[in-house]
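Taken from TrEMBL, the feature active site applies to B:ASP333. The L-glutamine binding site feature in TrEMBL is assigned to B:GLY218, B:GLY220, B:LEU247, B:GLY290, B:TYR291. Residues or ranges marked as domain 'Carbamoyl-phosphate synthase small subunit N-terminal' in TrEMBL: B:2-132. The region 'CPSase' annotation in TrEMBL covers B:1-170.
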Amino acid sequence: MADKILLIGGSANGFGRETESDAASYQMVSALIRRGYEVYFIDDNPYSFTASRDDVHVEVLELTADNLVKVIIANGITSIVATVGGAVATRLALEVQEILGDQGPKIVGLTSAVLSAAQNTKYLQERLQQWHLPAVKTRLASTASEVFDAARELEFPVVVRSIAPQGQALRMQAEDAEELDQVAELALERSLTHQVNVDKSIRGHKEIAMVVMRDLRDTKVLIGGVEDMDPVGIHTADSISITPIQTLSDPVVQTLRETAFKIARGFNVHGLLQVRFAVNPEDDSYVVTRIIPYYDRKVSLIEGATGYPMVPVMTGLMLDERVERVHISSRYAEHTAFLEPTMDHIAVRFPVFTFGELELGGIETNRRLDTIQKSVGASIGVGRSLEAALEKALRAAHFSNRSFSPDLMGELTDSQVIEQLIHPQDNRILLLLEAIRRGYTVDELEELTHIDAYYFYKLERIMKLETEVRQHPWDMEVLKNAKYYGLSDGLIAKLWGSVYDSVRRYRWDNNILPTYKTFEPSAGEFEESVSQFYSTFEVENESERLGQETILIIGTGAFRLGDGASASYVLATMMDEFKRQGYQTVLVNNNPYDLTFIPQLSDKQYFEPLEISDIMNIIEVEQPTRVVVPGNRIKLINSLKATGLDVQVIPREKYLESTLTEHKDQLLYNYFYDGNELHPIVVSHQTNRQIKIEEDEQSHLAQAITPEMPFDEVGLYQFVCEAYDETSNVMQGRMRPMPFTHVAFLDKVSQHDWLRMLVRYMLNTPTEADITLLESLPNFEWAYHRATLRYQDGEFKEHLNIQKTLDNGQFAMAATYEVE
Amino acid sequence: MTKRYLILEDGSIYEGEAFGAPATTFGEIFFHTAMTGYQEIMTNPIYHNQIVVFTVPIIGAAGINHRADEAIGPMVKGVVVREIAEVSTNRLQTMTVHEFLLRHNVPGISQIDTRALTRHLRETGSQKASIVDFPDDHAFDQLRALVLTNQEVQQTSTPRAYVNPGDGANVVVLDFGLKNGILRMLNDYDANVTVLPYNATLDEVLNLDPDGIVLSSGPGDPHAVPESILELIRTLQKQLPLFGIGLGHELFALANGVDVEVMPIEHHGMNHPIRELITNRIMYATQAQGYEISTSSIKGTDVFVTHVDLTDGSIQGLRHRNYPAFSVQFFPDTAPGPVEAVEPFDDFMDMVTVRRGG
């Protein structure tokens, strides 16, 4: 009988977790099934792509230790995987182990020591001291007065952190007793054990992460390092991150690498370990700040940036395979698993903030960045220079071209500039540029911001480049240089007082064309046929047209507030179905954590911004027969259609109307539109807290008169019913594309793949079963009596300090669901 | 911004921008895949007379600091890179890479599609190259007419003996193009080191009453080193602990009747896994090699294989069956590179200690 292994999911997405762990667990399931395991998966996240696999036993249960124990006992589970469900899964694994003891299943790859050290800094510190490795000075406290004692002993500033926190771990900095007074109680309350760690602050130091692999024979491989541009004091997720490491010399890098190895060995980790460091730029001394034994966003970033097969390798190693024998896909060269990746390009990760959107929604925010995460998503930019990578990441984060224009920040007074340099806000990259423009010296800026001067020189260079472009309209050499350093056609057009299309044509006429380079982990030393590409403007192009019948899929980019994770689920599912239908698929996207980047889902992937010019460049190479675009990209859709391309739009509303803040139950009629006719699927209800589907209520659906259909595209639609006339069965309200949140939920709880069916209708190749199903609607066998999706917006309060009720239909990033 | 060109013997032309010295340069071209340690690489005597291509897209952010020198000044004839950092912000730096190369009259060229160049060199293997002002016929004629010297060791070895004093064991280093990292490592053991020129005689070595011998790394073809050195190695290995690194490893092999041949694809980087056969331990180390031990020629000799590179099976270490003598192809001195590969120094110093004790 096959061994039964349980993957612990991560529950709702949120500030700590986008879709990276879902992408990892999806791939891990494949790797486990390949090895003959019977795989169980527990999660209550309605957007889980892994849970939509039909080769896994899915348990839709709240993520609690009790529920895990029940599943383990009921199914005879022998092993647990806790590395692909974020911090939640590692905490639960430890709790399960405490309950079941030696009788319980084995937690593969992880010792209880490493699980404890990941959650408890004090314990980590003790172990580090044992191994003569430098740790942050920490004191444990369980009352407010103990917190104050610790702060006095360590001297301000200090950072307070909850032990075993509910939700994401928060670091709260206190500069003085007054600030400590504000955070001490809050931090204690957030701890499940009512304990906190008080750390000596290392604010201003460089934040570095190292990701390593280790196997049972103690072979250790460094997969990559990430340097944050912003110093410790700004949450790493809010920082601009760069890989490979830019400003540390070889001896320092080697010391950190060796330290990460010692820790992996000390904790006897089999598989993946991430170690975070703070390096003091004054003397290159360092401390270990955290260890993270699971797949998180940093790991995902390194996987994307290096092309290293992270999940296949970590899966093998946690099952006690050796790194030189572990199975990886035949796409990679034989030795890829044990060659330390080396990069010949630079990747920049840029955080996405949405204070602006919240403010448009009438919600007050504080834009100042600190040790609590404020960003809701991120984009990646890749280039052969830091300038290009930064420019591309910025564009991908949907900053408009105005981002780098001089007029935007011009209104700030000098004292406001200084204030914001010291206390940075979400738009600090613009502020840094403005400060350079106003003549602050690099030394002054470094002093005020603790950002390495190196980056100011790079920003200075970007500004010089812009000036040069402006001063030399239609100069070929200048244009070439500008393209290489990542300036978009749109920005150049603006600087030349022209339009994007003219610049583009001029570029084309003069043969200044993008060259695509592969991401592969040997920097050109070995021949590898990897399918990931980024653009630059150099000599050699490595990307050839994939084939005659390809579909280009435009991703949804960085997560913002709202439906990021469900959009990722929708696109990933549809991509997979296009492949199943026999098409070759090409993806362009730039959210490094997105599900769509799962290698099996497409034949070729481009890490590029999603502006029209970037997409047109790819279309010129790939000449796809069809382009699939999310429906909110209206300008893009029109441009693509204008060029005569076959454009397939996935219906999606740009903005959902904000109607949910009142205590009101919205009645929703959900339809499948096959291009001719609306087919009623289900009636659902939505309030500001939840979406609900009741089996009992569905009989109602047959009587309702199908409303007018104002849209043309095949798709899933939703009628928001404002009034229902019981006698005539006529509804008043309006039709809209079904929000992705509802689509994902519907797919899950109906146990039918509506999205896959949608793809077949898009391709005009429905199956007999599809046709029969549509004809039989609204009669449908519901597997459950009741299904409920609950919005999780609790984190907004902590992260963005929002007290007001949010419109969850518009803003909620996270949800859980349950079925009865 | 001055335009310059990198030209290859096979006729390839790459346009770029000048940095460092404005001189015309010639040398054998190779690519290095390390992401850090550019200064150590540029100053390693093993790269004497060569032109280095860095695959990492930007170098220079940490500037130049003398602690990272592996020799006095750069040893390479030219530097090829995608981007050169105009300024560096490292607190230890005393000058930029540009200033350093300018001072030592070494040209550099940036804005090159180094990935395309690397993929090209991967196919063609090493060849002669030149950095020039104009890629005209004259430049190619000069390049093709160039005969590379086979006197690399003679040119890089110290002309006279010197002492690097310490309170510990007496170690003699034979300098075939010694890099500072080896001396730094021996310093860590407090060894009293005497560095002798490559052509030292047996008497000159033994007069120093050594407790152990190190055959240093160095540039070029091991076959170009005078035959007398092989005889010296054969004599010394019988009497004293002996440790060869890089070129020293290749000479140790030749001295023991093992063949050394040109590698089809050279190793220049720090990311290859190297397996120590006796322990099965896998480590990473800096490699800089254009020659390798011929695997088929080991049989019937008095040496056996201790380390192999897992990417291509190439031999990375040898040990003598009868004497405390061994050698490694990779660089165990961590300058630059991983620190887990230093064990050969431990092994050697253990042998030295045993000998002193007995």
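For all residues, glycine too, the Cβ spot is worked out from N, Cα and C.
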Hey, which of the binding-site residues B:GLY218, B:GLY220, B:GLY290 is the loneliest by Cβ count within 10 Å?
B:GLY290
Starting from each candidate's C-beta and looking 10 angstroms out, tell me which of the recorded positions B:LEU247, B:TYR291, B:ASP333 has the most other C-beta atoms.
B:LEU247
Quick check for the class: what is the C-alpha distance, in angstrom and rounded, between B:GLY220 (L-glutamine binding site) and the residue listed as 'active site'?
20
Across the domain 'Carbamoyl-phosphate synthase small subunit N-terminal' (B:2-132), DSSP yields 29 helix, 46 strand, 56 coil
Around the recorded L-glutamine site, report the further residues of that chain (criterion: Cβ within 8 Å of the mean position of the Cβ atoms of B:GLY218, B:GLY220, B:LEU247, B:GLY290, B:TYR291; site residues excluded), sequence-ordered.
B:ILE46, B:GLU152, B:GLY177, B:SER217, B:PRO219, B:ASP221, B:PRO222, B:GLY246, B:GLU250, B:GLN289
Distance from B:ASP333 (active site) back to B:GLY290 (L-glutamine binding site), taken between C-alpha atoms, in Å:
19
Restricting to the record's L-glutamine-binding residues (B:GLY218, B:GLY220, B:LEU247, B:GLY290, B:TYR291), give me the longest CA-CA distance in Å as a whole number.
12
Measuring Cα to Cα, how many Å separate the residue listed as 'active site' from B:GLY218 (L-glutamine binding site)?
14
Three states by DSSP: which one describes B:GLY220 (L-glutamine binding site)?
coil
May I ask you to report the DSSP-based helix, strand or coil state of B:ASP333 (active site)?
coil
Could you say whether, by DSSP, B:GLY290 (L-glutamine binding site) belongs to a helix, a strand or a coil region?
strand
